[in-house]
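What TrEMBL records for 36-54, 66-87, 108-135, 216-234, 243-263, 296-313, 325-350, 384-405, 426-452, 458-481, 502-523, 535-558 is transmembrane segment. Annotated Na(+) 1 binding site per TrEMBL: G42, V45, S299, N331, L396, in sequence order. For A44, N49, the entry in TrEMBL reads Na(+) 2 binding site. Marked as disulfide bond by TrEMBL: C147-C156.
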Amino acid sequence: MEKKVCESMQNGAVLGETTKKDENIRRGNWGNQIEFVLTSVGYAVGLGNVWRFPYLCYRNGGGAFMFPYFIMLVFCGIPLFFLELSFGQFASLGCLGVWKVSPMFKGVGYGMMVVSTYIGIYYNVVICIAFYYFFVSMTNVLPWTYCNNPWNTKDCSGVVGSSYANASIANTSTLMRNISELVNHTAKRTSPSEEYWKYHVLNISDDIGHFGEVRLPILGCLAVSWVVVFLCLIKGVKSSGKVVYFTATFPYVVLTVLFIRGITLDGAVNGIKYYLTPQWKMILDAKVWGDAASQIFYSLGCAWGGLITMASYNKFHNNCYRDSIIISITNCATSVYAGFVIFSILGFMAHHLGVDVADVADHGPGLAFVAYPGALTLLPISPLWSLLFFFMLILLGLGTQFCLLETLVTAIVDEIGTDWIIRNKTYVTLGVAVVGFLLGVPLTSQAGIYWLLLMDNYAASFSLVIISCIMCVSVMYIYGFHNYFKDVEMMLGFPPPIFFRICWRFVSPAIISFILVFTVVQYKPITYNDYIYPGWSLIIGFLMALSSVICIPIYAIYKIWTSEGTTFLKRVKNALKPDPSWGPALQEHRTGRYAPNVSSGSDLNQEGQLLHTKEKPEEVSLMIQGSNGSAQNPEASA
């Protein structure tokens, strides 16, 4: 068997990477492994790397935060990443199909689909706003530079002297007084970029229940965003795999350009010091460790279903162990690098205003659409830097959005599984894109930002942690860690390292449980600036979170009810047992205990296994003879 695996690896992993021929003709594969790595990097590296990590870092002890961050990366992030990649690659199925490993837990796959749906809806709205800012930056003067626009209020106080102001009255003391009022939290002063965001882009309403009108410019950009995503996925991974050569790499070019520009500015060093200076006493704070674990977990995209889906298009013997380490480290290194880019500019802004960096630092939409754009107005040729920054945000968002849409499409196509649906996958992609656009329309209304933040805080929060924990337990203890380790060895040619075996069984589930407890203990009702969400909206938020988790017990009950057995325990046992078709998708890879058994006493569904094989009968016979006589389906070891 070892000889067979080595030969297969030579054919599939080496020769296959240099040719364009698909290993899985029916389902398709990546053109080469670079496409998979770039797509996964684009999926993992998203907006959160730019607008969340730097803020978390300086808030939780600067450089001291790096210690728990990388500890969580090693013991939780990389093991979970490797687990999901190997899971999808072994079965060559999406987040629904892989649960043939233990059909009773297929609800986990449905939960992943629900989470990906929520994220895909609001994530593209964020991308469309970046599109809007990108388009309006094509001007000589950025529209959020001065306070003399129709949408500005009397509370507006600019940081750049108005070109229309009389020089005799715009003296230095007046300007400095306005600047002081701008950054003074007790003064009711707002910046031009904040008023542009609130009163022009959003035209924000006073309550989440007051939808008002749809903001047509944002709606148009939302349509553009969905059209771009659809066109890039029109041929599935074949087209998106080519697009990521640009979308996954160019953000690093922009980050580098912005970094070089940032560090040449006055005050940039102070901003970077504020970002990195370690406060070691904060390491003893449990909240710092909780934030580090949460950031690693959410940043890598665990439990979204995207990692399983992307890996399912790999060739069977691809070294996903190597890929998981490369992608995870690249993701975290990007977060750290982005912090230098953000805080060099914020340090310059703080120096210009004569205030502390903490007074201008922000995160989330406040950083992307208010603080950073405001800082860019202080630079020469500010429209150029604005164009680069928002183009980078667009590409970072699209990389994640590609995988979210492909996750849903792949799950639907795999579940139906007919030749017709596979041939017409483009129509499924179009249908999902149209539905996603329509569901995103309410988020372009005047109350849209309230709903966007509600979905961001609840739809993909503790539910992801629960889904990931159940996935670990079901694979390691229901299907059985011995079975899974053998599966990985069959696929890679070597068993998973002992470090990963320990993490999968003990360490990672413990850390995930810690994240869940931390999330519950640290829970605070969502707010947006001074706006406090009403109770009924928080109930909707919890219902969104539960809607993905509830899929797990509902499907488990359904599966137990429909399973064979004269007693409840027998039904449960049959529902937990792997499906006869579980295993490698291609017949040439179904060796050892997955080899077809022509004997009448076999537990395997011979027709299901041989349905798509192209081997001749004598080749199948040779395969059976070379499988050491083992053809038993792996049983649950729990």
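Every residue number used here counts from 1 along the chain in the order it is shown.
Heads up, the Cβ atoms here are built off N, Cα and C, so glycines get one too.
Annotated features, which come from TrEMBL, shown on the structure.
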{"residue": "G42", "record": "Na(+) 1 binding site", "Cβ neighbours (10 Å)": "27"}
{"residue": "A44", "record": "Na(+) 2 binding site", "Cβ neighbours (10 Å)": "26"}
{"residue": "V45", "record": "Na(+) 1 binding site", "Cβ neighbours (10 Å)": "28"}
{"residue": "N49", "record": "Na(+) 2 binding site", "Cβ neighbours (10 Å)": "24"}
{"residue": "C147", "record": "disulfide bond", "Cβ neighbours (10 Å)": "23"}
{"residue": "C156", "record": "disulfide bond", "Cβ neighbours (10 Å)": "21"}
{"residue": "S299", "record": "Na(+) 1 binding site", "Cβ neighbours (10 Å)": "23"}
{"residue": "N331", "record": "Na(+) 1 binding site", "Cβ neighbours (10 Å)": "24"}
{"residue": "L396", "record": "Na(+) 1 binding site", "Cβ neighbours (10 Å)": "28"}
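The transmembrane segment (426-452) is not in contact with the transmembrane segment (502-523), judged by fewer than 3 CB-CB distances under 8 Å for residue pairs 6 or more apart in sequence.
Counting only the Cα atoms, the space from C156 (disulfide bond) to N49 (Na(+) 2 binding site) is about 31 angstrom. Using a cut-off of 8 Å between Cβ atoms, the transmembrane segment (296-313) and the transmembrane segment (66-87) share at least three residue pairs, counting only pairs 6 or more apart in sequence.
Counted over residue pairs 6 or more apart, the CB atoms of the transmembrane segment (325-350) and the transmembrane segment (36-54) come under 8 Å in at least three pairs, which marks the two as touching.
Between the transmembrane segment (243-263) and the transmembrane segment (384-405) there are at least 3 Cβ pairs closer than 8 Å, counting only pairs 6 or more residues apart in sequence, which means the two stretches are in contact. If you take the CA of N49 (Na(+) 2 binding site) and look 10 A around it, the recorded positions you hit from G42, C147, L396 are L396. The shortest Cα-Cα distance from C147 (disulfide bond) to any of the binding-site residues (G42, A44, S299, L396) is found for L396. Between the transmembrane segment (502-523) and the transmembrane segment (458-481), the number of CB pairs under 8 angstroms, six or more residues apart, is three or more, so the stretches are in contact. Sequence-distant residue pairs (6 or more apart) of the transmembrane segment (66-87) and the transmembrane segment (458-481) include at least 3 whose Cβ atoms are under 8 Å, placing the two stretches in contact.
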